[in-house]
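Quick paste from Swiss-Prot:
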type	residues	note
DISULFID	C33-C71	disulfide bond
DISULFID	C45-C84	disulfide bond
SITE	R48	site 'Important for interaction with integrin'
REGION	53-64	region 'C'
SITE	R58	site 'Important for interaction with integrin'
SITE	R61	site 'Important for interaction with integrin'
SITE	R62	site 'Important for interaction with integrin'
DISULFID	C70-C75	disulfide bond
CARBOHYD	T106	O-linked glycosylation site
CARBOHYD	S154	O-linked glycosylation site
REGION	160-179	region 'Disordered'
CARBOHYD	T163	O-linked glycosylation site
Amino acid sequence: MGITAGKSVLVLLAFLAFASCCYAAYRPSETLCGGELVDTLQFVCGDRGFYFSRPSSRINRRSRGIVEECCFRSCDLALLETYCATPAKSERDVSASTTVLPDDVTAYPVGKFFQYDIWKQSTQRLRRGLPAFLRARRGRTLAKELEALREAKSHRPLIALPTQDPATHGGASSKASSD
């Protein structure tokens, strides 16, 4: 009793399907840095906002911030969601509570950790701090401009030619025609 070719192909296809599923489940996730990290956190967390480091209740001594975890190591959805802020109480929850605040207490916004303006500022801060190659590009541009200026100064003409045409401004030719 031998194994037929059809059965061996079927077993091979089943093995390949299983192997591809396992590879997809355990492959390393992508890394996220800078603006991509902030955009992804904004998408994942939505209106809740997010933290760059975990809230103090979850901190242990060896914990790293999201930049260290997602930029230098692989990052997945479950890890990103741990950095989302907890939503503030809804109006229904607040109205059901029995505590009443005095009128003279100044109201501070609660639960708005990284809304758009602050998120945009932190994105700009990240972009200012991270990419050194942009600073290098700007330095190269300035160096090229400086070199062009030096070239222009070193290649000055020996005789300074007038910028205006003497015939149109009544130079020597107009005196000769009037004589």
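Every residue, even glycine, has its Cβ placed from backbone N, Cα and C.
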Given C75 (disulfide bond) and S154 (O-linked glycosylation site), what distance in Å do their CA atoms have, once rounded to a whole number?
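That comes out at 55 Å between the alpha carbons.
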Relative to the Cα of C84 (disulfide bond), which of the recorded positions C33, R48, C70, C71, T163 has the closest Cα?
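With Cα distances computed to C84 (disulfide bond), the winner among C33, R48, C70, C71, T163 is R48.
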Which chain-mates of C45 (disulfide bond) that are at least 6 residues away have a CB under 8 A from its CB, listed by sequence?
L80, E81, Y83, C84, A85
Measuring Cα to Cα, how many Å separate S154 (O-linked glycosylation site) from T163 (O-linked glycosylation site)?
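Between the Cα atoms of S154 (O-linked glycosylation site) and T163 (O-linked glycosylation site), the distance comes to 20 Å.
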Quick check for the class: what is the C-alpha distance, in angstrom and rounded, between C33 (disulfide bond) and T163 (O-linked glycosylation site)?
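T163 (O-linked glycosylation site) has its Cα 55 Å from the Cα of C33 (disulfide bond).
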Measuring Cα to Cα, how many Å separate C70 (disulfide bond) from T163 (O-linked glycosylation site)?
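Between the alpha carbons of C70 (disulfide bond) and T163 (O-linked glycosylation site) there are 62 Å.
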On the three-state reduction of DSSP, what should I expect for C84 (disulfide bond)?
strand
Taking the Cβ of C70 (disulfide bond) as the centre, count every other Cβ atom within 10 Å, in any protein chain shown.
24
Neighbour count first, Cβ atoms within 10 Å, every protein chain included; then name which of C33, C71, C75, C84 tops the list of disulfide-bonded residues.
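Answer returned by the neighbour count: C75.
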R48 (site 'Important for interaction with integrin') has how many other Cβ neighbours within 10 Å of its own Cβ?
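I count 16 other Cβ atoms within 10 Å of it.
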So, three-state DSSP: helix, strand or coil for C75 (disulfide bond)?
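Going by the DSSP assignment, C75 (disulfide bond) belongs to neither helix nor strand, so it counts as coil.
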Please list, in sequence order, the residues in the chain of T163 (O-linked glycosylation site) that are at least six apart in sequence and whose C-beta is under 8 Å away from its C-beta.
none
To the nearest whole angstrom, what is the C-alpha distance linking C71 (disulfide bond) and R48 (site 'Important for interaction with integrin')?
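Distance between the two Cα atoms comes out at 22 Å.
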